[in-house]
There are 2 protein chains.
Amino acid sequence: MSDPLTSGATIGILGGGQLGRMLSAAASRLGLRTHIYEPGANPPAGDVAHRVTTASYEDEAALAAFADSVDVVTYEFENIPTAALDLLDSKAMIRPGREALRISQDRLTEKTFLQGLGLKTAPFADISDLPGLEAALATIGAPAILKTRRFGYDGQGQARLKTPDDAASALAEMRGAPAILEGFVTFSREISVIAARGVTGEIACYDPGENVHVDGILHTTDVPARLTPAQRSDAVLLAANILNALDYVGVLGVELFVTDAGLVVNEIAPRVHNSGHWTQNGCAVDQFEQHIRAVAGWPLGDGTRHSDVQMENLIGEAVLGAHDLAKESATALHLYGKTEVKAGRKMGHVNRIRSAGK
Amino acid sequence: MSDPLTSGATIGILGGGQLGRMLSAAASRLGLRTHIYEPGANPPAGDVAHRVTTASYEDEAALAAFADSVDVVTYEFENIPTAALDLLDSKAMIRPGREALRISQDRLTEKTFLQGLGLKTAPFADISDLPGLEAALATIGAPAILKTRRFGYDGQGQARLKTPDDAASALAEMRGAPAILEGFVTFSREISVIAARGVTGEIACYDPGENVHVDGILHTTDVPARLTPAQRSDAVLLAANILNALDYVGVLGVELFVTDAGLVVNEIAPRVHNSGHWTQNGCAVDQFEQHIRAVAGWPLGDGTRHSDVQMENLIGEAVLGAHDLAKESATALHLYGKTEVKAGRKMGHVNRIRSAGK
C-alpha cells in the first residue's frame, strides 16, 4: 500500500468512453488529473482529461510511456488484452488488480469463481463443440443462452436457443470462439449492487438498484429496488464477499436476479457500472468519485442515498429529446459528447430525482 | 439568438481557475467541450478542458485563434482587459454580454447602475484626490472604506478609514488608481442570490444563501438563509430586475446586506460565484451547469433546493485536512488541483448536506 495521491497526481484510465469521461470529472473534484489511453480518436473522456494517448493496446512504446506518466492505472472496461496488462503491470500499479480482470474477462472463470464463494449462479457448461453443446442442453434444458466466454457486452456475442434444435445455428454464431451455455433463471426482478473497497479493506455499498433491460441493454435503474430487508442485506453481504475474495480496490458492479430461492449472481463488472449512474444525483459521493477515491488510496466517501432516483439511459435517437428532458423538473441530464447517433449506442442518461430518500 | 449548441460544440472560457474548472466539468455533462484561455501555466481548469491556450490578454494572435476555435465565449472573472474584449467581440459571441462586464468592472459605474434601478446601495462617492476624499468623508462619515474602482477582489485594493484622519494614508494605498469611498452599512446578515437568465429571457434563481466572511474572504455559505418570506421574495425580484436590465445571459451573483430598511446591494458578479458552490450538492442542476446551459442557448434547468447545505471554503492550509473531511458523512469534497498551498488561497471547498430540504 502506497501513500494516497495528492493534488496534481495523475490517474491513468484505460478506455476513453463515457465511463472514463465521468471518472475524469470525478477525479477533478478530488484535485486529481487523468490520462486517458484509448485506441479511437477523439474519445468522450478526452474532453475532460489532462492528457490523452491515442494508441492501440498492441503499441508497447505507447503503453510504456503511459505507465511512466501516471501514478496508478485503472480502467473503464474489463476486456483489456493480457499482453498490454502484463506490460503495464511491470511499470505501474493497476487498481482494481489483475485477479479481478482475469476472472471477469471469462464468463466460465467468473461463474466458477462465484460458485466457489458459495454464491448461486445460473446453471452453466463449458462448450467447445456440438456434441458438448447437445450434452449440456440435455442437462441444463432449453430455452438457454450460448455466449462467448470472452469479449461480450450489452448482448453482443450471444445466441438464444429456444429448443435443442437451435444448437448448431447458435454454435455457428460463436464463430469458433470458446463458449459457455447458460440456463435460464426464473426471476421476479433484476437488481444490481454497486460496491466499493478501499486500500485499507473498508467497504461501502450503495443501495441496490432495480434494473430493466430492453433489447439486452440497460434501460432504467430505480432506487430503492423493491426488496425485503433480508434481500437487501443479502445483496450487500454477497457483494462484500466478492470484494474481499478478490482483495479488491475500486468499485465493482454486481448484477443479481431476485428469485424465490434467493439471489442469483448474473455477472460482475470490475469497474463503475451503468446501473450505478443514479448515484450522481442521489448521494454525496457518487460511484465515479468512490472509484477514484479507492484507486487513489483515499478514504471511501459517504454513499448514503439522500434521494430516490430513476436513471434512464438515452440510447440512440432518444438523445434527440435532450433539450426537452433538460426542461423537466428534478431532472439531471448527462450527455457523453458523442456526435454520431447510432441505434443501440449509449448517448447519455437522465437521473430523475423522485423524492428525498430515507 | 442562435441555435443551441449541440454535442461536440466548444465553449471558450476566459480564465483557468477553479470556477473555469467547475464550469468545464459541468459542460461535459451536457456533451460540450471547453477551451480555456489563461495567461498562467497549468491552470486548474486545464485538467478538465478539451483544449488550453496559454497566452496573455495582450496577445492578439492568440485571442483571435481562440475566438475562431469556439462557438461562444464566456468568462470566470470580470476583470478582462477591454482591448481583449473588443478583439474577441469582433469574432465571437460573448455571453454574458459586454454591458454586464462594463458595469461590474467599475465599482462606481456598478453602484450608479444599481441606484438607477431603484435599488439600495451603501452611500458612495467618486474619489480622485485628497480634498475630494475629505469632502466625501464629511458627507458619508467614518468609518468608511476606500476601494479602487477597478480590479478588486477578495478584499484586495481596499483601505479602511476608522476616522477622517486616515484619509491621506488610505488614499496612498490606492497608488493613484481611481477610487470610490463607500460608507458602512449596518446589517444583520449577508446573503447572496445566484440567478440565471437564458437566451429566451427565462429566469431561474437559487434559494438565497447566507454568507460569513473571514478576513475579507468568504468562509461559509448556508442554505437556506435565515430570511422572512418577504425578504426572500425581495431578493429574488431584485436579482431578476438586474438580469433583465442587462439583457443578461448566464449566471449572476448578487451579494446583499439584510438591514432594517430592507435589502442593500453590496456588489454583483457577472459569473458563477463562490457563494453558489452549495448548488453542486443541493440541486439537480448546479450554478455551473446553469451558466453553461444559458451561454449554450439551452433551456435553464431545475435549481430547486432538494437539500439544505453548508458550503465551507478550504482556504490555504485548511486543505491539508482534506483526507479527514473526505471521511465525514453527508459531505462532498471539491478540490481545485492547486499544488502550491498559500495563505488566503482558495484551495477547495466542502458541501455538507444538512438535511433533505423543502
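Cβ from N, Cα, C; glycine included.
Annotation comment: TrEMBL describes B:Arg107, B:Lys147, B:152-158, B:182-185, B:Glu190, B:His213, B:266-267 as ATP binding site. For B:111-296, the entry in TrEMBL reads domain 'ATP-grasp'.
A map of TrEMBL features onto the structure.
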residue: B:Arg107; record: ATP binding site; DSSP (3 states): helix
residue: B:Gln156; record: ATP binding site; DSSP (3 states): coil
residue: B:Glu182; record: ATP binding site; DSSP (3 states): strand
residue: B:Asn266; record: ATP binding site; DSSP (3 states): strand
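Looking only at other Cβ atoms within 10 Å, the busiest spot among the binding-site residues B:Gln156, B:Asn266 turns out to be B:Asn266. By the criterion of other Cβ atoms within 10 Å of the residue's own Cβ, the least surrounded of the binding-site residues B:Arg107, B:Glu182, B:Val185 is B:Val185.
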